Amino acid sequence: MTTGMFVSLDGIDGVGKSTQINRLAEHFRNQGREVLCVRDPGTTAVGARLREILLSSDLTMHRRTEAIIFMASRSELVETLIRPALAEGKVVISDRFLLSTVVYQSIGGDVSPDLLWQLGRMASGNLSPDVTVLLDMPALDSMARIDRPADRMEARGPEYMESVRKAFLKQLPEASETTAVVDANQDIETVAKRIRELFPA
């Protein structure tokens, strides 16, 4: 039986994760693999409800509270969708995973990254992506691509988002045994080709 593979694409908003996830899924399907695409937080019924709370622009909450909500959503996602798919030999591609929670909730020093990694591994039952791909570009460029009202995180402004970008680069090595940084400030096909090169047939 084919071994399952777990891939996460991450980065600040506006870097093109959704587009590249679709391209990567097509690449794996062309190799004859079954693919499950998920979003963290989201995808499950529980996760979708929690995502609404997390991204609501009219709510304020402590970063530790945010972190715990993210962990609850991730636990549900892992146990109900990701693990079963991997057991069936599928490729699972996740739009964000634990790396995002560590980055966003540790900015400002309210919660330590080490504690967040520890909590996250507990919530996911020690499941980490086989490969984490970080799509990277300057925050001003990524925010210029966003053509919808800013969510609660984006509304904190470009300086905040640039600090998030730097935190992604710093924390990336902890996310998976295999990691890659891809320059997302290029045309869609160039970025897609670079990602495909990480997963040869």
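For all residues, glycine too, the Cβ spot is worked out from N, Cα and C.
Neighbour count (other Cβ atoms within 10 Å of the Cβ, all protein chains): 26 for ILE12 (ATP binding site). Classification of ILE12 (ATP binding site) by DSSP places it in coil, neither helical nor stranded. Per TrEMBL, the feature ATP binding site maps to GLY11, ILE12, ASP13, GLY14, VAL15, GLY16, LYS17, SER18.
What TrEMBL records for 9-195 is domain 'Thymidylate kinase-like'. In this model, the domain 'Thymidylate kinase-like' (9-195) carries an average pLDDT of 89.
For SER18 (ATP binding site), applying a Cβ distance below 8 Å and a minimum sequence separation of six or more within one chain yields ASP95. Taking the binding-site residues GLY11, GLY16 in turn and counting surrounding C-beta atoms within 10 angstroms, the largest count is reached at GLY11. Secondary structure from DSSP puts LYS17 (ATP binding site) in a helix.
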